[in-house]
Amino acid sequence: MTFINRWLFSTNHKDIGTLYLIFGTWAGMAGTALSLLIRAELGQPGTLLGDDQIYNVIVTAHAFVMIFFMVMPIMIGGFGNWLVPLMIGAPDMAFPRMNNMSFWLLPPSFLLLLASSTVEAGAGTGWTVYPPLAGNLAHAGASVDLAIFHYLAGVSSILGAINFITTIINMKPPALSQYQTPLFVWSVLITAILLLLSLPVLAAGITMLLTDRNLNTTFFDPAGGGDPILYQHLFWFFGHPEVYILILPGFGMISHVVAYYAGKKEPFGYMGMVWAMLSIGFLGFIVWAHHMFTVRMDVDTRAYFTSATMIIAIPTGIKVFSWLATLHGGTIKWDPPMLWALGFIFLFTIGGLTGIVLANSSLDIALHDTYYVVAHFHYVLSMGAVFAILAGFTHWFPLFTGFTLHPSWTKAHFGVMFTGVNLTFFPQHFLGLAGMPRRYSDYPDAYTLWNTLSSIGSLISMTAVIMLMFIVWEAFSAKRKVLQPELTATNIEWIHGCPPPYHTFEEPAFVQVQE
C-alpha cells in the first residue's frame, strides 16, 4: 500500500484515528502558543502586543483552535475512531470514506481560521462572534467572514456524528445489547447525538450573520426589525451542548482508566453512569440562557434557567461519586494514567462547584464577563478535558503504537502540568471576585499580583507541553515493546495485541451472553 493510499485516501479507522491525534496535537501546540501570548500580555500592567484588537484576535483564535481543532479532534476523532470499533467488535466504522472526509475537512478549516487572523485587522470578536461587534461596521473586511466559514469544522463534526451513531447502533454483534457496550462507547454515542442536534442551530445563526454582513439582511439589526439577542439564543443553544460535547468523551475515558488502575473489572454503577450521561446530554439542551443572564430576561425565565442549570449537578455528582466508589477497595496502581484520572476528578469537581456559583442568575450579574468565568471553564476544560485526554493518551499509547512511555518522566510531566494549570487558573477566581473583566489587554495596577502569578503558571504549563513532546519522542526512540496488557477479559480493545493488526474483527465476533 503506497503512502498516499494509506494516509490520504485512508478508509481505516485506526489510521484516521492516528491522523486525528497528530492533527489535534499540532493544533494543541498552536493553541498553547496563543494562550502564552495572552498571558504574556497580562503578566504586567501596560501594553506588550499593541491594541485591544490584536489581543482579542489572539483570544478568539485561542478559543477556536483549542475547542474545534484540539479537544474535539483528539477526543472524538482520535480516541473515538481508534477505540469505538475495537470496543464493540466492529470491523471498521459504518461509513469509512465519509470518515476520511470528516478528517480532511479539518486542515482546510484550520487554514480558514488562520487566514481570518491575517487579513484586515483579524476577527477580534471573541469565540461567541456576537453582532453588532461582528457586523460589517465594527468588523469591516473579510476577517469575520473567513472565521464564519471555518464552520467547515462543524460540517466535519456532523458527518462524524452520523458515522458514530450509525456505527454504535448498527455494527454491534447481534447478541450485544446497547447496555453491554463499554462506557466510552456510550459517551461517544451521546456526544454524537448532541453534535447532530446542536450544530445545525449554530449553522443557522452564523449563516444569518453572514447574510447580515454581506447581503443587507437584518436578522440581528434592530434598524430592520432584527434582534441581536436572537443571535445569542441561537449561538448558545449550540454553545452549551458544545461544552458537554467537549467533556462527555472525557467522562467515558476516565471511567475506563479508573476501573483499570483500581484493578476492578468494571466501573461502579454502570447503569447509573449511562443514565447520568444521558441526563447530562438532555439537560445540556435546556439551560442555554444561563450564558445570557445579563441581557434582561424576565424573573421567571431567570429562575427557570438557574434551577435547571443546578439540576445538572445531580447526574454529574452521580458520576463523580461512582468514580470514587470504583476506587474504593481497589488495589490502586499509581501509574501515570491513574494520576491524570485522579487529578481530573479533583479539579473537574472544583470547576463544577464554581459552575454552581455562576448558575445563580443574581450572582452571575456581578460575575458575568469577569475572570471568575474564565477560571470556571478553564478548570473544567484545561483540567477536565485536557487531563482526560492525557489520561487516555498515557493509558492507550501502548495500544496505538506498541511502545511504552517512560514511567518516571511521564509522572514528572504530570507534576509539572498539575502545578502549571493550577497556578495559572486558581488566582483568576480572585481576579474575578475583585471585578477584573475578561477580554481586555490591560488592567489597573491593583490586579497585578494575581495576573503575574497566573502568567508564571502559564510558563510552567508550557514547560509541561514541551516535556510531553519529548516523552513521546523518547518512547518512539527507545522502542520498549509491550509485553502483555493486563485485564484483557474486561477490556476488549487490547485482545488483538499492541498494536493491533491493520484489520480487526474481519468476521463478526461471537458473543456469548451470560444468562
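Each residue, glycine too, has its Cβ placed from N, Cα and C.
Taken together, the residues in the topological domain 'Mitochondrial matrix' (1-12) have a mean pLDDT of 96 on the 0 to 100 scale. Among the features that Swiss-Prot reports, topological domain 'Mitochondrial matrix' is placed at 1-12 (among others).
Through the fold, the transmembrane segment (13-41) approaches residues 6-7, 47-49, 55, 58-59, 61-62, 65-66, 69-71, 73-74, 77-85, 92-93, 96, 99-100, 102-103, 106-107, 110, 400, 424, 441, 454-455, 458-459, 461-462, 465, 469, 499-500, 502 of its own chain, all at least 6 residues removed from its boundaries and within a Cβ separation under 8 Å. The transmembrane segment annotation in Swiss-Prot covers 13-41 (among others), and the record cites similarity to another entry as its basis.
Residues or ranges marked as Na(+) binding site in Swiss-Prot: Glu41, Gly46, Ser441. Within the same chain, residues at least 6 positions away in sequence whose Cβ sits under 8 Å from that of Ser441 (Na(+) binding site) are Glu41, Leu42, Thr47, Leu49, Asp51, Asp52, Tyr55, Asn56.
Swiss-Prot lists 42-51 (among others) with the feature topological domain 'Mitochondrial intermembrane'. Note on the topological domain 'Mitochondrial intermembrane' (42-51): residues 58, 441-445, 447-448, 451-452, 454-456 of its chain, located 6 or more positions outside it, place their CB under 8 angstroms from a CB of the stretch.
What Swiss-Prot records for 52-87 (among others) is transmembrane segment.
The DSSP secondary structure for His62 (Fe(II)-heme a binding site) is helix. Annotation for His62 (Fe(II)-heme a binding site): spatial neighbours Gly31, Leu34, Ser35, Ile38, criterion Cβ-Cβ under 8 Å with sequence separation of six or more. Among the features that Swiss-Prot reports, Fe(II)-heme a binding site is placed at His62, His378.
Panel annotation: around the topological domain 'Mitochondrial matrix' (88-95), residues 11-13, 81, 162-164, 166-168, 170-173, 176, 181, 185, 492, 503-506, 508-509, 511 of the same chain, lying at least six beyond its termini, place a Cβ under 8 Å from a Cβ of the stretch. The feature topological domain 'Mitochondrial matrix' is assigned by Swiss-Prot to 88-95 (among others).
Marked as transmembrane segment by Swiss-Prot on the basis of similarity to another entry: 96-118 (among others). Within its own chain, the transmembrane segment (96-118) is flanked in space by residues 8-13, 16, 19-20, 23, 27, 57, 61, 64-65, 68-69, 73, 77, 81, 142-147, 149-153, 155-157, 159-160, 162-163, which lie at least six positions past its ends and keep a Cβ under 8 Å from the stretch.
The topological domain 'Mitochondrial intermembrane' annotation in Swiss-Prot covers 119-141 (among others).
Sequence annotations record features per position, and here Swiss-Prot assigns transmembrane segment to 142-170 (among others).
Taken from Swiss-Prot, the feature topological domain 'Mitochondrial matrix' covers 171-182 (among others), and the record attributes it to similarity to another entry. Within its own chain, the topological domain 'Mitochondrial matrix' (171-182) is flanked in space by residues 85, 87-91, 93-94, 252, 256, 270-271, 274, 492, 508-513, which lie at least six positions past its ends and keep a Cβ under 8 Å from the stretch.
For the transmembrane segment (183-212), the residues of the chain that approach it from at least six positions outside its boundaries are 76, 79-80, 83-84, 87-88, 129, 131, 134-136, 144-145, 148, 151, 154, 157-158, 160-162, 164-165, 168-169, 218-221, 226, 231, 234-235, 237-239, 241-242, 244-245, 248-253, 255-256, 267, 270, 273-274, 277-278, 280-281, 284-285, judged by C-beta separation under 8 angstroms. Residues annotated as transmembrane segment in Swiss-Prot: 183-212 (among others).
Taking Cβ pairs closer than 8 Å, the topological domain 'Mitochondrial intermembrane' (213-227) reaches residues 131-132, 134-136, 144-145 in its own chain, all 6 or more past its ends. The topological domain 'Mitochondrial intermembrane' annotation in Swiss-Prot covers 213-227 (among others) and rests on similarity to another entry.
Per Swiss-Prot, the feature transmembrane segment maps to 228-261 (among others).
Counting only residues at least six positions away in the same chain, the Cβ atoms of His240, Phe305, Thr306, Thr309, Leu358, Ala359, Ser361, Asp364 sit under 8 Å from the Cβ of His290 (Cu cation binding site). Residues annotated as Cu cation binding site in Swiss-Prot: His240, His290, His291.
Under the heading O2 binding site, Swiss-Prot lists Tyr244. A C-beta separation below 8 Å, combined with a sequence spacing of at least six in one chain, links Tyr244 (O2 binding site) to Thr191, Leu194, Ile280, Gly281, Gly284.
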Report the residues of the chain - excluding His240, His290, His291 - with C-beta within 8 Å of the mean position of the site's C-beta atoms, for the recorded Cu cation site, in sequence order.
Trp236, Gly239, Val287, Trp288, Ala289, Met292, Phe305, Thr309
Rank 52-87, 142-170, 336-357, 407-433 by Cβ pairs under 8 Å to the transmembrane segment (371-400) and hand me the top one.
336-357
Counting only residues 6+ away from its ends, which parts of the chain sit with a Cβ under 8 Å from the topological domain 'Mitochondrial matrix' (1-12)?
19, 92, 96-97, 99-100, 104, 502-503
Do the transmembrane segment (142-170) and the transmembrane segment (52-87) share at least 3 Cβ pairs under 8 Å, sequence separation 6 or more?
yes
Given the binding-site residues His291, His376, His378, find the one whose Cα is closest in space to the Cα of His368 (Mg(2+) binding site).
His291
